[in-house]
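*Asks:* I'd like to ask some things about the structure below.
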Ligand SMILES: Nc1ncnc2c1ncn2[C@@H]1O[C@H](COP(=O)(O)OP(=O)(O)OP(=O)(O)O)[C@@H](O)[C@H]1O
Ligand SMILES: O=C(O)C1=C[C@@H](O)[C@@H](O)[C@H](O)C1
Ligand SMILES: [Mg+2]
């Protein structure tokens, strides 16, 4: 990441903690936090789950692509993306450009065993309705290569409270000491 206001994007599956850790990271860095799911909800005037039901997933993905494009171009702080946003090719190119411009892209990773109790797999996550554990695994199999390819930093959030994960991410993006007594082996900083 280049000097100036830190620019960090968090990607990863539902339950990895993008929103929770993103807020904490923004506080640590003293910058603003933004979340594309919230941006989409504001634009649409309804909750993500309602957009899926009333307008359909393609419409949600269109709104999401626009929200991501706008935020990547204009938001100077920490940005959490929706879990599936990275599967859009336009968003993939935009993230590559973001990294080329000095931004950091963090893959917040989590196992099913830890994601399940966090997410609770209720109706608020429309893609997981039906057989939520199986759907989560399917989505992760499909998406993991993309998360890994786009990320400049990879942090596993299993077994760690959000504050510790935020410290790990902080260390990964600005090279600061992680603090909090966490195990550095949990963090893999990719070249
Ligand atoms: N490291 C963690 N340890 C324990 N609980 C966590 C951790 N990170 C997040 N949580 C909890 O898990 C739940 C889901 O977290 P969060 O909403 O931040 O995930 P997300 O990645 O933004 O999911 P989504 O893709 O659906 O937006 C929240 O209740 C949050 O408090
Ligand atoms: O994993 C996904 O595809 C999603 C994750 C959430 O953040 C929301 O963007 C929506 O529920 C879809
Ligand atoms: Mg979120």
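Yeah, the Cβs are placed from backbone N, Cα and C, and that goes for glycine too.
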*Asks:* Return the residue out of 93, 149, 160 that TrEMBL annotates for the same ATP site as 15, 16, 17, 18, 19, 20, 125.
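*Replies:* Record source TrEMBL; matching candidate: 160.
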*Asks:* For residue 20 (ATP binding site), what is the secondary structure by DSSP, using just helix, strand and coil?
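*Replies:* DSSP assigns residue 20 (ATP binding site) to helix.
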*Asks:* Quick one: give me the count of other CB atoms within 10 A of the CB of residue 17 (ATP binding site).
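*Replies:* By my count, 26.
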*Asks:* Given the binding-site residues 16, 19, 20, which one is most crowded in terms of C-beta atoms within 10 angstroms?
*Replies:* 16
*Asks:* Name the secondary structure element type, per DSSP in three states, that contains residue 15 (ATP binding site).
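*Replies:* SS state of residue 15 (ATP binding site) = coil.
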*Asks:* Among all chains shown, work out which of the binding-site residues 18, 61, 143, 160 has the most CB atoms within 10 A of its CB.
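*Replies:* For the binding-site residues 18, 61, 143, 160, the Cβ with the most other Cβ atoms within 10 Å is 18.
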